[in-house]
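A single structure is presented below for examination.
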């Protein structure tokens, strides 16, 4: 491109000019502007000077080109400054896990500005199969955020390439790091680059998504992490998930389909010139390796508007995401001889809550209505009910006769306190009933079928005509303590009409909240960069037995790397504190986070605090 004396050049191509009002031929300032469609990546910059002695050139250096969501001509332009600050500039966030009844906000450091992270994100593009196969074509395609996002979605997992993370959904993490132990993206990306692009062990859905969010924000593409609660994995594409239970309420592992209590993906903001402006905006991308898209383990970008309107004719992967948030659940009760003795249908369980972090605040934002047309004003249910009637055919039971049962938690379960729940039984017929009642609780991981029963209770109740009876039950801490942490509980009640042998089931899956670490910061309202401050992390043991563990404290822009401390055995009810030195290196709102991994258990207790750092 020729260097001119005018900055008024077409914005559709590269331009270079010298300011004629500020000429100093001993120290020239040359302004270079790129088109909005410039490709993302590293550039070599060369200056050619023509003189009377002939032409000579000098390599000036390198620069990195990113997408620009502040530029209205860029395909990733997002028009609101608060959203640009949240979805592009923010280097920390919250990942929502657990269940809709008991949300867990897990802090995560995206580490956008940490050493080595930008370089690792650019290396990810460089070692992709697309770049290795045809460098020139890859460079040209990097002007398109749709192309970039598909490359990154595939490169975050390592199923087809030299991707960043190796997935592991077993309980054996001896060859690497348990996914629950990661606190940020920086350590993962640096470890991957340092190893010569060998996959880092291990990741699960929230780790894959959080690392992809880092890469997309670093590349200048607005991105946010999304949690879909009760996420369907519909293997045969019939939009139906079958769940099987025994006559006594034990959940059985009989189905090829499954429902994860939660699944985490990302959304990226971009124009879809390939689909039309109706599909512009947020696009679903899922880097967790579940099924192939175009022969590769990646997913998206699937326009959220297309998912909501079931536009399964559009690219990419809309049918897969649609089923994740919209499948029906058929609950089947089997006898000991595998005969069907009960059936119910739930059209609202799957995708009952879809959420992300709110803009500018450390809280949840419900975006379920972006993905689906809601049938009721509330998108989450506090209880599940089922109905039986005298008709034993496999269809949704009538609500005008038979028995209805509700299973309701009285409050969100907290570690160290009894789990209290109510079973409400309604006889909807004008004749008395004698019912057998079976209660069953099983531990489960968010993406697996439940394990063996750890608590059960059986008995009988009598119902007068049209009677409503409420039974209160509780599970003591000593009976569930092994389930605290990342595990969940599947609780079910089965009622059997002794006269007709008909069964009805209600169930609920929930997590138990761990105690939070308390973080306090001295001089919190007067913190400035490059000055020492003290923070204190405090833990109180709520368990009925002594605990010990490893405390990890991290905070991008507040402390270098991660600090670890060993916590000695702490008696029940005992309190321990640890003081940390903070030296902020940049202004802005930063997250200080702490996690305490208890020894000999899978329990990790977390806490975080948002801290405002002022400029000096």
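Note that Cβ sites are derived from N, Cα and C of the backbone, with glycine treated the same way.
Computed from a predicted structure; not experimentally measured.
Feature list, courtesy of TrEMBL:
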ACT_SITE  205  active site
ACT_SITE  263  active site
ACT_SITE  286  active site
DOMAIN    197-289  domain 'Transglutaminase-like'
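Tell me about the setting of these features in this model.
Note on residue 205 (active site): other Cβ atoms within 10 Å of its Cβ, all shown chains, come to 27.
When other Cβ atoms within 10 Å of the Cβ of residue 263 (active site) are tallied across all protein chains shown, the result is 26.
In the structure as shown, the Cβ atom of residue 286 (active site) sits within 10 Å of 31 other Cβ atoms.
The average pLDDT computed for the domain 'Transglutaminase-like' (197-289) is 95.
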Rounded to the nearest angstrom, how far is the Cα of residue 205 (active site) from the Cα of residue 263 (active site)?
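Their Cα atoms are separated by 6 Å.
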Rounded to a whole angstrom, what is the C-alpha distance between residue 286 (active site) and residue 205 (active site)?
9
